[in-house]
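Quick notes on the structure that follows.
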Amino acid sequence: MIDLKFLRENPDAVRASQRSRGEDPALVDALLDADAARRAAVSAADNLRAEQKAASKKVGKASPEERPALLTRAKELAEQVKAAEAAQADADRTFTAAHMAISNVVIEGVPAGGEDCFAVLDVVGEPRAIDDPKDHLELGEALGLIDMERGAKVAGSRFYFLTGRGALLQLGLMQLAVRLATDNGFTLVIPPVLVRPEVMAGTGFLGAHADEVYRLESDDMYLVGTSEVPLAGYHADEIIDLSAGPRRYAGWSSCFRREAGSYGKDTRGIIRVHQFDKVEGFIYCKPEDAAAEHDRLLGWQREMLALIEVPYRVIDVAAGDLGSSAARKYDCEAWVPTQQTYRELTSTSNCTTFQARRLSTRYRDENGKPQIAATLNGTLATTRWLVAILENHQQPDGSVRVPAALVPFVGTEVLEP
């Protein structure tokens, strides 16, 4: 959630952020009103409790003649306090709902507008000229790497089996990402893939896109769509030590997404699926270090993309395409020959203090005072990367060249029918 002090002092900046996202700026005024009403309700309840306490003291010291009137007043005050506390609870609920409804304030320079309003920051590599390219599914099936038919038989649409060297290719990607992360000071974590509602809400995934999340109703638990979620909850309600620098974690997990809003999109192959594996970088740092950490995360993603040897571009994602928690997001998109376009392989988001404020994750400043930490996240490898590898490294005879960095994991330089 956003910083209330910042909101009170800069309401126009928050309204502008809402507009750049395509969201309702009137929510800012609703929150300001709810904040004022909550503070008034707290003050009223506090004043009545103080009066009640003073009246109780008077009763103990009162003469027999004074006592009946004082007892009557004490009873009235008890009822008034009860009503004031109920009003305060109502005001708190209204305030919390209004606070949770506002997305993070976007960072200056983020392009305004929707999905197509991104800014291209860099383009790396030239797409190969491939005559009559095969798509990743045709290649994957011919090479015995991907089995969508049996995936659908077992689990339904958008599920699949990775088999043989297809499974080795994915495992190799994950291990490359783990190696890069641990070489750069990340702590490897294999987290739970089920989380409590307060953790899912704290990361910002139960807002407008709550229907994208799998929920186990009988247990009131959620399946994660990224290990960002459990890693954000890892230090919830804690004061962490950042005196030696940022805390960096790399989470390796299976991820689950309903893709409820994607009917008819990417129905072929493994570009958009319900289950996939991912290595996710997650960082806790001081707010003043967040921009530099964001650049570092992007740099590590680019190192990974260099290892799989595919053309890609880096974009500054438009405000209207950001998740509610992100203040800025960079995507790296790989060239997909059969689609003649770039598709997202990685994203990295600077969530500033938005998630940590919801989850009460703090650190101590140089004066020992607790402050809200900043959080960042970024993909280091995921199943979708197989799409870019297979399509960009396909050969005229239907084989696929294995990027050199993955050869030790796959056991061959060429995947052949």
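Note that Cβ sites are derived from N, Cα and C of the backbone, with glycine treated the same way.
Every protein chain shown contributes to the tally, and the Cβ of THR226 (L-serine binding site) ends up with 22 other Cβ atoms within 10 Å. The feature L-serine binding site is assigned by Swiss-Prot to THR226, SER227, GLU228, GLU280, THR379, with sequence analysis given as support.
In the three-state DSSP scheme, SER347 (ATP binding site) falls into the strand class. Sequence-distant neighbours of SER347 (ATP binding site): residues of the same chain at least 6 apart with a C-beta under 8 Å from its C-beta are VAL317, LYS329, TYR330, ASP331, CYS332, GLY378, THR379. Feature annotation from Swiss-Prot assigns ATP binding site to ARG257, ARG258, GLU259, VAL273, GLU344, LEU345, THR346, SER347; the stated evidence is sequence analysis.
Taking THR226, SER227, GLU228, GLU280 as the binding-site residues under consideration, the smallest Cα distance to ARG258 (ATP binding site) is found for THR226. Sitting within 8 Å of the Cβ centre of THR226, SER227, GLU228, GLU280, THR379, and not among those site residues for L-serine, are the Cβ atoms of VAL229, LEU231, GLY251, SER253, CYS255, LYS278, VAL279, GLY281, PHE282, ASN377, GLY378.
Mapped onto three states, the DSSP output places GLU280 (L-serine binding site) in strand.
Across the residues annotated as binding L-serine (THR226, SER227, GLU228, GLU280, THR379), the widest Cα-Cα separation comes to 10 Å. The binding-site residues under consideration are VAL273, LEU345. Their Cβ neighbour counts within 10 Å are lowest for VAL273.
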